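Per TrEMBL, these features apply:
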DOMAIN    35-144  domain 'C-type lectin'
DOMAIN    170-277  domain 'C-type lectin'
SIGNAL    1-24  signal peptide
């Protein structure tokens, strides 16, 4: 199961790319739209090829594939460190992890290596040329297609109404940490539904992240369930909204930690993961529900 470290999800912004409506790419925050109609982001946290690929899938995409020199040249020389793209060799043949046809390459002289242990594609940030490397090598990685569905709402309505005491309000939603603690993620989720008509909180931008972090700190809780949960190998929010944001200090997943939590260490509130059925201690919860109009 995927296990990753803090800062592995810190995105590097693209130099020379702007998100514009003309491109038609309805990209997640921090993902950059390009003129080929896709969205891209480079994550600087260094991972093996397998773990990097898993992160791209969790975030709704794949490691990047390229099919023409024009596609590649749009991204060539944009970054300052070596990084994985989605090419991998299986049974002697190169293929893309997204299943598309491997019909373009930009290998450096003498590449790809014939070494049977070097089966993943590394892009050189200076030359733009590719080389094959051992897939266990820890590198930055380029994800592709972090895009909202065509009918997915990407902005929330403005807030109307008053914010209840001991809560944080943002974009028409109330975030609150109730007094009870819970033995499981499901129990916390049911409480948010029954008591507030809401869900465990989903978070989609750094402003909301900061507000929820402040809320947890002020509530004096050590750890609280958020609405994120690994289902069938992918992170999903309880309220069904897209997984389009991760903070740079997310601590990652381990084999038995499938539910998302926020911890509180004074001024520092990192995201982490915990077992969904928590027998060691009872986490609190961050509930989210629609703000009532005045």
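From the backbone N, Cα and C atoms, a Cβ is placed for every residue, glycine too.
No curator has checked TrEMBL annotations; they are predicted automatically.
Note: the domain 'C-type lectin' (35-144) comprises 17 helix, 41 strand, 52 coil (DSSP; helix = H, G, I, strand = E, B). Per-residue confidence over the domain 'C-type lectin' (35-144) averages 90 (mean pLDDT, predicted model).
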